[in-house]
Every structure is written in C-alpha cells, then in structure tokens.
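Sharing a structure with you now.
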Amino acid sequence: MAITILAPAPYAPPPTHSHPTSNLDTYASDSQEDDDDEMDIDSGATPTIKPSSTTLLTPGQPITSDPQYMRGHGTYLPPLSQQTITSTLAGTLLKTNKLLSILPLRARYTPEIGDLVIGRIYEVQSRRWKVDINAPLLANLLLSSINLPGGALRRRTSVDELNVRSFFQEGELLVAEVQSLFGDGSASLHTRSLKYGKLRNGNFVSVSGMGGTGVVRSKRQIFSIQTARGGEVGVILGVNGFVWVYSDASSDAQKEEAVGVNRLEEVASLSMYSSQNGVIGPETRKAIAVVVGVVKALVEARVRVEEESVRRGYEVVLEVEEETGEEVGRVDGELGRVVGERVAGGMGR
C-alpha cells in the first residue's frame with residue numbers, strides 16, 4: 001500500500017473579536033481632559049480592556065497592542081509579541097495619560113522619601129524601634145531621629161538608650177515621615193517635628209486591603225473637619241493605607257497649657273510621649289465614628305481617599321440627616337453606599 005505524505009496545512013490565526021472603541025479616561029490625570037484622552041486600544045489582535053473598578057485583569061491577559069501606550073507597573077511585553085502589553089498582576093487597569101498600569105487587588109506599601117506614614121511599634125531595640133508601616137520590611141526609627149523630652153538638642157547618651165522604652169512601647173501608634181531608604185527597600189523614619197509623634201485620642205482604621213492605593217499622595221495629609229455637634233475632628237491620612245481620626249480639640253487644649261512662647265516646644269515635646277488619652281465627650285466620639293465610616297465608604301466605592309473626598313463625604317452625611325430628620329450614628333450599609341455614590345458622582349470618579 002502506497003503511503004501519501006500530505007503537505008502541512010497553512011497556519012490559521014485565532015479568531016479575532018471586535019470590540020467598540022473604549023474610552024480610557026476613567027482614571028485619567030486631572031490635568032489631561034482634552035481629546036487626546038479619547039483613545040482606541042482595539043488593535044484587532046487583542047481584546048480591548050476598559051479601565052473600570054469592576055473589570056478584573058488576570059496575569060497573562062493581553063491589554064492592548066497600540067504602540068501609543070507605555071507599559072507601567074504590573075505589565076510587560078511578551079518575548080513573542082513585543083507590541084502587546086500584557087498584565088502580570090490580578091487587579092484593575094489604571095491609566096495615567098499614556099501610561100497603563102495595574103492596581104493589584106492586594107499589595108504591600110512601597111515607601112518613598114517624604115511620605116507621611118502611620119505605623120505601629122513592632123519591636124524596641126537599644127537605639128531604635130522597628131515599626132510596621134504596612135511595607136514588605138519593617139521600618140527603622142532611630143533614637144537620633146526623634147525629639148527628646150524638653151526639646152533638648154544634644155547627642156544621645158547611654159541614659160537615653162536605657163530610657164528608650166519610655167518614648168515608644170510595643171503596640172503604640174505614631175505618625176512619622178520617611179527620611180531615607182536602605183538598599184533592601186526598608187525605610188528610615190523620623191519624628192523631628194511637632195506634628196509627628198505618638199497618636200492618642202482617636203480611632204485607627206486600615207484601608208490596606210487596597211494596598212495603600214485608597215489614600216493618595218496630596219498636599220495636605222493632616223487636616224481637621226468642623227463637625228456639626230462634636231467640634232473639630234482631626235484626620236491623618238497615611239500614604240501607607242493607615243488612617244487616624246482623632247479629637248482635635250483635645251490636642252489644642254494640651255497646647256494651650258503652655259505659659260509662654262519659650263515653653264511651647266517643651267510642653268509639646270513632653271506631651272508627645274504621653275500615653276494618657278484625654279477626656280472625649282460622647283458627641284465627639286460620635287463624630288469620630290461618622291468620619292471613620294465615611295473613610296470606609298469611600299474605600300468600598302473605590303473613591304480616592306483625600307481631604308476633598310473626606311470633606312465631601314461628611315457633607316453628604318449632613319445632607320442625609322436633613323433629608324431624613326434623624327441623626328446619623330453610623331455610616332455603613334445603605335448609607336455607606338449612598339455616601340460613596342454621591343461623592344464619586346460629584347468628583348467625577
């Protein structure tokens with residue numbers, strides 16, 4: 001019986017799926033809102049991905065092959081296709097002008113010099129503290145990077161090393177600034193400022209489930225909100241995804257105890273290491289709980305947590321109180337959804 005060798009069949013390319021033109025300006029930069037942001041990334045060879053909080057990308061999924069885009073964090077170019085930007089993480093698409101990157105569902109905070117962070121003391125050593133700032137590695141707070149009680153400007157001695165636990169203990173919260181970075185990526189912190197130091201008289205909330213992306217870097221990370229019945233409530237937004245909401249009136253009362261200008265730095269430095277909470281009234285406690293609920297509602301609605309959005313969220317709570325005629329004690333459930341939707345709609349996000 002004769003054997004017939006057939007010629008190989010030509011390669012059949014995979015079927016392409018045509019998608020409508022996508023608008024990628026959902027997460028566009030606030031300064032880029034012209035016609036250049038209207039981009040079509042449907043190349044005909046790969047599916048079109050639209051940046052949306054509900055569209056989930058998986059590792060290895062093609063995004064676009066349009067050459068006008070640049071690949072950012074969480075993307076790469078496969079060896080066999082040097083023009084197709086492909087996802088390497090599981091998350092949502094973020095577009096910044098022509099730069100495409102992936103926001104992971106959960107990730108650790110990456111420190112940068114100058115960041116305002118909130119941390120928790122993890123370990124006390126002889127000349128330093130190990131601080132958990134939601135980063136892959138623990139941060140270092142050196143004894144020489146804090147203000148001594150009384151505002152004394154001198155070299156640290158062995159007595160200061162013995163009293164290191166009197167400044168910060170395990171489990172205590174503090175706000176600090178990233179001073180420098182080491183070669184392994186760990187951060188070195190400092191609290192040499194009157195606005196930094198130990199945290200008291202407040203409530204801690206973590207939005208680290210977003211990998212710190214819920215809190216954005218802005219000009220003001222520390223601000224206060226004048227509430228309807230609870231006085232002033234202070235808010236500290238840590239870039240690492242930790243938020244502290246506290247009674248701002250109690251801090252002001254402690255500062256008023258200073259007799260003169262010469263003692264201002266001394267009194268502030270002494271109160272900075274006190275672990276005693278002040279007396280907070282019930283109305284202020286309710287106001288703190290409402291602001292904390294607003295922050296959580298913004299995170300659930302995928303809205304950037306910044307001063308403008310937090311203030312707007314509290315205004316929405318006051319609007320709901322006027323509409324219903326009832327005092328709001330907690331911001332969750334249906335009320336949290338309403339706050340998130342109104343803030344997102346008003347800010348165009």
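Each position is counted from 1, following the chain as shown.
Glycine too: its Cβ is placed from the backbone N, Cα and C atoms.
Whatever TrEMBL says is automated annotation, not expert-curated.
I grabbed these lines from TrEMBL:
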REGION    1-68  region 'Disordered'
COMPBIAS  18-28  compositional bias 'Polar residues'
COMPBIAS  31-41  compositional bias 'Acidic residues'
COMPBIAS  45-67  compositional bias 'Polar residues'
DOMAIN    58-93  domain 'Exosome complex component N-terminal'
DOMAIN    108-180  domain 'RRP4 S1'
Just give the helix, strand and coil counts over the domain 'RRP4 S1' (108-180), going by DSSP.
12 helix, 26 strand, 35 coil
With DSSP as the reference, give the number of residues of the domain 'Exosome complex component N-terminal' (58-93) in helix, strand and coil.
0 helix, 13 strand, 23 coil
